[in-house]
Amino acid sequence: MQSPRRNAEGRPLGTCDPSSSGSPAHGGGSRFEFQSLLSSRMPGADPTSARLRASESPVHRRGSFPLAGAGSSQALPPQLPEEDRIDLNPSFLGIALRSLLAIDLWLSKKLGVCAGESSSWGSMRPLMKLLEISGHGIPWLLGTLYCLSRSDSWAGREVLMNLLFALLLDLLLVSLIKGLVRRRRPAHNQMDMFFTISVDKYSFPSGHTTRAALVSRFILNHLVLAIPLRVLVVLWAFILGLSRVMLGRHNVTDVAFGFFLGYMQYSIVDYCWLSPRTAPVLFVLWNQP
Ligand SMILES: CC(C)=CCC/C(C)=C/CC/C(C)=C/COP(=O)(O)O
């Protein structure tokens with residue numbers, strides 16, 4: 001049997017100090033806690049009446065005890081520890097976010113059909129992992145550096161220099177957000193990714209997806225491609241994002257935000273576009289023998 005949860009005084013919740021009963025305005029806040037805790041934790045309790053009682057009480061609307069009435073000599077009852085308080089009036093935003101999170105987890109689990117070899121689409125896993133490599137940071141960085149070293153035109157060098165800047169900016173922003181948000185990867189993910197850095201144990205946002213959105217927008221804006229190739233670039237980005245969820249690497253919201261972030265990152269790169277005019281030092285340095 002579980003031991004009962006206790007309040008700040010070490011008293012089991014659901015018991016009430018008789019000395020503190022009475023009007024909340026006179027320091028009897030414990031009674032309201034008792035009522036609301038009881039009605040929301042007891043099986044078969046009526047949550048509506050708990051809410052009504054709570055809304056009548058200034059104690060619960062503000063989530064704290066009122067000051068003792070003027071001249072009252074009764075000591076203020078102690079505050080409940082944070083984990084023992086119940087938000088009886090959650091905001092609309094709170095409910096919406098919690099619902100979105102629940103749908104996200106449910107949908108991500110459903111779509112994680114290549115998460116393991118024994119999953120329903122487990123045979124597709126090698127293909128998904130090939131896609132994973134196509135969006136990895138290392139091949140993109142090395143490929144850009146190689147092309148930059150081989151480029152013999154100013155225009156080509158300028159575009160590649162900006163692609164390098166875009167890839168580095170992406171790594172920086174994704175690492176920063178992953179480190180701040182620290183959302184764990186889905187439980188069904190197998191951590192068998194190729195060449196990761198420490199923040200890659202976190203999943204929000206999907207780095208592959210930000211890169212895919214950023215690079216594809218970059219290519220569409222700076223390379224002259226026939227329509228079928230342009231469609232292919234967009235499809236690659238979209239399928240790469242989807243494959244992150246199918247592999248079980250990410251939740252749907254990690255990928256959705258990844259697309260948004262990658263798209264916005266391109267706008268930053270475009271705004272700060274490096275050219276021999278705006279960043280002459282970079283271009284001169286690159287041309288040193
Ligand atoms: C210059 C430097 C520090 C390069 C690091 C490149 C690198 C290891 C990128 C990590 C790529 C990666 C595994 C990202 C994780 O992607 P998710 O889609 O799983 O978030």
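Glycine is no exception: its Cβ is also placed from the backbone N, Cα and C atoms.
Here is what Swiss-Prot records for this protein:
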TOPO_DOM  1-126  topological domain 'Cytoplasmic'
REGION    1-81  region 'Disordered'
MOD_RES   SER23  phosphoserine
MOD_RES   SER30  phosphoserine
MOD_RES   SER64  phosphoserine
TRANSMEM  127-147  transmembrane segment
TOPO_DOM  148-158  topological domain 'Lumenal'
TRANSMEM  159-179  transmembrane segment
REGION    178-186  region 'Phosphatase sequence motif I'
TOPO_DOM  180-222  topological domain 'Cytoplasmic'
REGION    205-208  region 'Phosphatase sequence motif II'
ACT_SITE  HIS208  active site, proton donors
TRANSMEM  223-243  transmembrane segment
REGION    243-254  region 'Phosphatase sequence motif III'
TOPO_DOM  244-254  topological domain 'Lumenal'
SITE      ASP254  site 'Stabilizes the active site histidine for nucleophilic attack'
TRANSMEM  255-275  transmembrane segment
TOPO_DOM  276-289  topological domain 'Cytoplasmic'
Local Cβ density at ASP254 (site 'Stabilizes the active site histidine for nucleophilic attack') - other Cβ atoms counted within 10 Å: 26
Helix, strand and coil counts within the topological domain 'Cytoplasmic' (180-222) (DSSP): 22 helix, 2 strand, 19 coil
Chain residues outside the transmembrane segment (127-147) and at least six past its termini with a C-beta under 8 angstroms from it: 114, 156, 160, 163-164, 167-168, 170-171, 193-195, 207-209, 211-212, 215, 236, 239-240, 243-244, 246-247, 249
Nonlocal residues around HIS208 (active site, proton donors), in sequence order (Cβ under 8 Å, 6 or more apart): GLU132, GLY135, HIS136, LEU240, GLY241, ARG244, ARG249, GLY258
Per-residue pLDDT averaged over the region 'Phosphatase sequence motif I' (178-186), given as an integer: 97
Secondary-structure category, per DSSP, in which ASP254 (site 'Stabilizes the active site histidine for nucleophilic attack') falls: helix
Composition by DSSP (helix, strand, coil) of residues within the topological domain 'Lumenal' (148-158): 8 helix, 0 strand, 3 coil
Long-range Cβ neighbours of the topological domain 'Lumenal' (148-158) (under 8 Å; 6 or more residues past either end): 164, 274-276, 283, 286
